[in-house]
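Quick look at what TrEMBL lists:
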type     : residues : note
TRANSMEM : 12-38    : transmembrane segment
TRANSMEM : 58-77    : transmembrane segment
TRANSMEM : 214-231  : transmembrane segment
TRANSMEM : 251-273  : transmembrane segment
TRANSMEM : 317-333  : transmembrane segment
TRANSMEM : 353-372  : transmembrane segment
TRANSMEM : 393-411  : transmembrane segment
TRANSMEM : 423-446  : transmembrane segment
TRANSMEM : 453-471  : transmembrane segment
TRANSMEM : 477-495  : transmembrane segment
TRANSMEM : 516-540  : transmembrane segment
Amino acid sequence: MALIVRVSECAFVLCVMAVYWLTEALPLAATALFPALLFPFFGIMKSSQVAGVYFKDFHLLLIGVICLATSIEKWGLHRRIALSLVTLVGVNPGWLMLGFMNSCAFLSMWVQNTSAVAMVMPIVEAIIQQILNAEGEGEQRQRTMTGTSNLGLELDGEKLTNQKLITLPYHNGLLTWSRQFMTHYHLFFFLKVIGQKIEGRYRSKREHMMCKGLCLSITYSSTIGGIATLPGTSPNLIFSEFYPECTSVNFGNWIVLCLPISIIALLLSWIWLHWMFIGSDFRVLFRPSGERSERETATARVIEEDYNTLGPTSPQEVVTAFIFILMVVLWVFRDPGFMPGWASIFLPEYAGYISDATVALLLGLMFFIMPAHKPSADKHGIKYEAMISWKEFQACMPWEVALLVGGGFALAEGTQVSGLSSWVANLLSPLGSLPIIATVTIACVLVTSVTELASNAATITIFLPILAPLAEAIHVNPLYILIPTTLCTSFAFLLPSSNPSNAIVFAYGHLTTTDMVKAGIGVNVISVLAVLLAVTTWGIPLFDLDTYPDWAPTPSTSNVTGW
């Protein structure tokens, strides 16, 4: 009887948190504190035990990655990367879209998706303004690159700020929405104002459609690129800590599985957006470069001038790029699987002690130590400036996400301790009669639908304690179900309020909600199919998905099965 009571009490906490996360009646981070409050009251876990699971390896990895992202943003390396990639592909509208998609996807592999969009979108807006009005663009472009030419934000930005629906801070000329934790309802009212169509901005429907395509390509590519690496999105990091005993989920294996998914989804999404907003005649992509139109020539001039304003590569950019490359190399070759990793070679007596978080933290702390400029002395002493300061790091660090993830860990631990996970496993065991691919597809479609209405991190936090017992009940490798559903949790493409990246792009005033829904359905289908293709092909040998692993618990029949 006591076991049944504990199961019901833990189920009550799970349901309450799910409702609060979906409706955002309270801030997401505040709801994440419910396990710390309710589990001790219900006798599920001691307060000290709950507190111990709120901070894990994930948080150290996040801190190291944000140190890198802070330096990239502070010294402008993101603009150099984005403009360089765009320059490589050319200024034809189709190639221009692909270039910006590549740039944003690459950046979002290493920084938050929202930050990547906020970094790239001002550059895209400058080019859009050049397309819309070739004359007098110099002044407008300068205002755009400093983050003040967004017509939608200029329209009602002050009014919205006074109403305290949302604040619009700027950092290094970038809209740093990733620092804010807005509810979906606040976003709805906010976007309703700034998304109003401004008449007379477009000289033709063709120009308007091209602007729509460029804007949508930025937000979609940020999501598609973010899934390629473990630190790319919050759901990836949350999942990586769900089974601590599973050593196969590491940076190297993840990028081998997911980078091809991102490439396939990115290319097919580009073709889809090109067909919808630019045209179905793809022969223009292969037109000789000497046959540029007047608009393309003006666009090329904007890109060239913007790149020239960056000046020569600064020593700070070189240091940031070097640490960035070193971090990736150490992540990939720490335990690559096909060969002994550097951790086992140089530190054999501490095998298993070093994780990806160790690497991220080591190199992340270097940004606080390495000088940005040569130290100088004056009458007040030695003047020393590090690559980043703690204040700058705090401005970029998503503490709300860290707390939200901790709440998810506590909730997952509570479902194990209380016996709720075993009860759910027994309840879902009849699904074992379905083919595994059907079960995976149903789970992917379900989380993709829910994540359009709830935040990505909240969605994966709700579903992990439900889907893991399902896999255990039907005796299927849990990774077979959890990896694809984790990836699909990021696919929030349909609504401006689905995630902050969509909201930022929508705020520039070129799109309507209908545009995003129509384009998002196609990108959703493409992305889900790419995930299913990967998991059922090269994902099986990579993670041994066809065998039930030793680290996965075996569900035991208890006296709550008939409850």
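In case you wondered, yes, glycine gets a Cβ from its N, Cα and C as well.
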Looking at 251-273, 317-333, 353-372, 393-411, 516-540, which one has the highest count of Cβ pairs under 8 angstroms to the transmembrane segment (12-38)?
393-411
Who are the long-range neighbours of the transmembrane segment (516-540) in its own chain, taking Cβ under 8 Å and residues 6 or more past its ends?
216, 220, 224, 256-258, 260-261, 264-265, 268-269, 272-273, 276-277, 437, 440-441, 444-445, 448, 480, 483-484, 487-488, 491, 493-496, 502, 506, 546
Counting a contact as 3 or more Cβ pairs under 8 Å, with residues at least 6 apart in sequence, do the transmembrane segment (353-372) and the transmembrane segment (477-495) touch?
no
Taking the transmembrane segment (58-77) as reference, which of 317-333, 393-411, 477-495 has the most Cβ pairs under 8 angstroms?
393-411
Positions on the same chain near the transmembrane segment (393-411), where near means CB under 8 A and six or more residues out:
13-14, 17, 27-29, 31-36, 39, 50, 53-56, 58-59, 62-63, 66-67, 69-70, 73, 112, 115, 171, 176, 178-179, 181, 234, 237-238, 241, 368, 457-458, 460-461, 464-465
